[in-house]
Amino acid sequence: MAIPTSPPRRGLLRLLSVLLLARTAGAGAASEFDDGTSPKFPGCDNTLQKVKVMYWVNGDEQSSLTGISARFGAVLPDTAASDGPKRPAVQPDPKDSCAKSAKPLSDSVAVAERGECTFIDKAKTAEAGGAAALLIMNDEDALQKMVCTDKDPPPNINIPVVMVSKSAGDKIQSALFDGSKVDILMYAPQKPSFDGAIPFLWMMAVGTVACASVWSVAVVGEKPNKNDTASLGGEENPEAEVVELQTQTALVFIVTSSLVLLFLFFFKSSWSAWLLVFLFCVGAIQGMEYVASSLVIRACSRCGEPKVKFPGIGNVKVLTLVTLLLAFIFAGTWVAHQNSPSGWVGQNIMGICMMILVLQVVHMPNIKVASALLIAAFLYDIFWVFISPLIFKKSVMITVARGSDDGPSLPMVLKMPKEFDSWNGYDMIGFGDILFPGLLVAFSFRFDRSNGKDLTDGYFLCLMIGYAFGLSCTYVGLYLMNSGQPALLYLVPSTLGVITLLGAKRGELSQLWNAKV
């Protein structure tokens, strides 16, 4: 008996349901807050901008915070250097800045709590007290748009007004409460016209789908008889290692993922984020062990022969033990350094290995199952990105994918740093946007081989082109709409639509619909 490198059937399905969560293509642009619907008139016509709040505690620079500018007040500069020196932070007395402060505010950044009076009244009070800027701490972990109403007179406010989330504001407030000297510098960087991270992210996603689809033939090696095929990790009953999806699986995925998504939306906490990190590491360790073992055996077939016998377990390949240990060390190192500047490299390696394994273990047998699963995921994306704001006041999927200021970020994404962006953020694509179309692309490769088709008369090449085109459309939509995009909105038509239309044109739609590969 050998230790299998692929997850058990039920465990893998549970893992896949979690992977549905992070599926936005990337974060919005600098003007993502501006809805264009609130009233605008002289004195209250600023563009709502994403603001970078830099702060120092006793001279030590801290991690910058994210805020939103107001429709009224002075416009912030787009670079830190042009704003001159940083200014001391002072919390007014009263803390809500609804009345004249007992503390001097001259040439300071007034740090006020939300509530008791309007944003405009807070700004007027702070400006009258001599403050150079007003920073409002929200009472929840979100950013509220500070706009005017049709009944408001022109505010005539000449200081910048910015809001930060509750968790971000708590960091500044706790430092002030401890008696520390806090300095603040705020500016609103503009998003560069070219995002150099997107082409690399596109190549990673397309390359993962292509590589995983042909892995069993190009790396593992095709066996002359299906019954002689070695299992993905064990030596007994190879067919038990493959999970064949059914049409009812679509309902299970959507219901489970929706429940978990809502849980993360309403109960965002560090422990729930760490739970997802743990699940990610479990899948990634198995994925790295499988990929490493496959590559080693491909280069040296005899390397997989040495075994060690353990009581109660049986024979275990030495290669399996070594690669599992190395994978565990790699995952542990990543967990300890995931927020470092190079943490994204380890996350991408782990994620790609896991997705390669998933696409070997989970099979779509035909496009009947593919239609049920991809259409369900398609509707899932549209609902939780575009329709959920009508019910929950904000996009549930985008909110969950962005995470919170506390705890680790969601790991179920491939990401690339935005080298040309002052925010030093990341472009991301969720695993679901690779796995779900990838299941169909991998099916097309198996179908072509089982029916003796090559690249010119088969479906695999067409679906790869369709996936690459659909992903390109996703990033075009991201650029034009300045907000996160549900990638399956573009990927399902460009993959499922392509194979359906091509199969109908060739008279093979019935064969594709009822296939068993």
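Cβ coordinates are placed from backbone N, Cα and C, and glycine is handled just like the others.
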Given ranges 31-54, 79-102, the stretch to which TrEMBL attaches the annotation region 'Disordered': 79-102
The transmembrane segment (428-447): which same-chain residues, six or more beyond its ends, come within Cβ distance under 8 Å? 16, 19-27, 201, 205, 208-210, 212-214, 245, 351, 354-355, 358-359, 362-367, 370, 373-374, 377, 401, 412-415, 453, 458-460, 462-464, 467, 470-471, 474, 487-488, 491-492, 495-496, 499, 512, 515, 517
Helix, strand and coil counts within the region 'Disordered' (79-102) (DSSP): 3 helix, 4 strand, 17 coil
Hey, does the transmembrane segment (318-337) touch the transmembrane segment (250-267), meaning at least 3 C-beta pairs closer than 8 angstroms, sequence gap 6 or more? no
Same-chain residues at least 6 beyond the ends of the transmembrane segment (318-337) with CB under 8 Å of its CB atoms are 2-3, 5, 233, 277, 281, 284-286, 288-289, 292-293, 296-297, 303-304, 306-308, 343, 346-347, 349-350
Output the single range from 200-221, 459-481, 487-504 maximising the number of Cβ pairs under 8 Å to the transmembrane segment (369-392). 487-504
Closest-packing stretch to the transmembrane segment (200-221), where packing means Cβ pairs under 8 Å, from 273-297, 343-362, 459-481, 487-504: 343-362
